[in-house]
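Annotation source Swiss-Prot lists transmembrane segment at 77-97, 100-120, 141-161, 189-209, 217-237, 334-354, 370-390, 408-428, 449-469, 492-512, 538-558, citing sequence analysis.
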């Protein structure tokens, strides 16, 4: 290889190896590195969902908690698991970098899994068995037992805070934005990334859930812990192939400096003279393997932060690039806001959908019954199939019509998922009304121990459609917040996805408790320990209306959203969302 060829072979996006040396495209990154990341994700998701999928059943049957309490404990924990990535993203971007942050967090994650396995294995760490079907008459878990169990759960949540925002970003970093082939592969990466997630989830919601229900919780959780250990081992094997981006300082501090500087100069008159705005020389960016961003007209108030007024203090004067990076993170906030309600939908399939399944006939044969949480496997399978069809058929077809490399825009993809969410909750409400009717006809309204003579597969449509919806909205969320974040804030951008999930789960807890308390005062509560006496059909229809209102707000938000400028100049910059509202009105 000639000197010129060696020079051309180096990546141009600033990626380095662990020692800080430039890396070659031919020797690092791309799919040969991503294969380790993808395999890691399969086993890690198997481990995580091996715990979370059946958690509401464990809390009900083993810790003897009621419907609302167990559901809220699950959603609060899952919400925390999605909230801690904000801290993980900060540590990665400001201090240790993604790789080191990920490795340290993985050790904490594994510790939490091991402690959780012990808590479900040792008899002294859980309350005695209860023979009655009414959990209100069972002995509750002691303070120490709850402390060990939830301590392990939240240790696990802290660990995931450093893995979730960084692992997908590490994977995306393996593709050089300045190489046309790499850029095309990155578009497919997020689809196959989600494919790996749901492949692991499918195994967890079928095999591991069955083991927990029929063999033992200790063995089921033990297998999850071994799966996590194996996933970390696989990730470390690929270390020499990974490309790394250097930490570029705290994004929170940078954003705070821009906002403070602009407020301090609020009374300063704006200037049309570009020389009055501060920016670093291009060579200084080149030395850091970074790129300047040109000034834009959006959120013009923040431009004052880069206006030269005499003081050069960093809290009074920022670069144009820092201002534009802050603008971009702020411009994504309205989009983030309208993803909260869709995230609440995921909380329903992890809690109330599963509790519904416990009331139905779960027998496949005389000797085999399907665990209620295993219906999540159909959601996963539906999403796996949908992703493949979307990536291999839908994108190619739509690309010819729209000229967009992705087929349709990311926000259009989100919108389709939101429409499906409305349909899902309408179907769920109708199905639940039918379930209550069958229970009443067989005199089972006040019974909890006897299953309703109605197959658990009656719930299948809502599970399958949820997988289809996730193939649109969840992948679009992940890719949108990564793609639209500035280069120096990619981990923070990815953590927007985690924030969406966290807020959605916490909102679900608040909503469930509020609706339960309010409807109790009106007479028959919508959510009770005995679901046959509840009115989940009303609750689900309320969700359908909530999703409809959120979708209308979504259309307003995207009408005014402008995509960020692409520093590689390989795509149109500052392009408005093309006629999505018009498309929906046609």
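For all residues, glycine too, the Cβ spot is worked out from N, Cα and C.
Residues 68, 71-72, 75-76, 78-86, 88-90, 93, 164-166, 168-169, 251-252, 329, 332, 336, 339-348, 351, 477-478, 481-482, 484-486, 527 of the same chain lie 6 or more positions beyond the ends of the transmembrane segment (492-512) yet place their CB under 8 Å from a CB of it. Long-range Cβ contacts of the transmembrane segment (538-558) within its own chain (Cβ-Cβ under 8 Å, at least 6 residues beyond either end) map to 334-335, 337-338, 340-342, 344-345, 348, 352, 411, 414-415, 418-419, 421-422, 425-426, 428-429, 432, 515, 519, 526-527, 577, 580-581, 584. If one looks beyond the transmembrane segment (370-390) by at least 6 residues along the same chain, the residues whose Cβ comes under 8 Å of a Cβ in the stretch are 49, 53-54, 57, 191-192, 194-195, 198-199, 201-202, 205-206, 209-210, 212-214, 349-350, 353-358, 362, 364, 456, 459-460, 463-468, 470-472, 475. Outside the transmembrane segment (141-161), and at least 6 residues removed from its termini, the chain residues within Cβ reach (under 8 Å) are 48, 51, 63-64, 73, 77, 80-81, 83-88, 105-113, 115-116, 118-120, 125-127. Cβ atoms under 8 Å from those of the transmembrane segment (100-120) belong to residues 47, 51, 58, 62, 88, 91-92, 126, 145, 148-149, 151-163, 166-167, 170, 217-218, 221-222, 224-225, 228-229, 232, 235-236 of the same chain, restricted to positions at least 6 beyond its ends.
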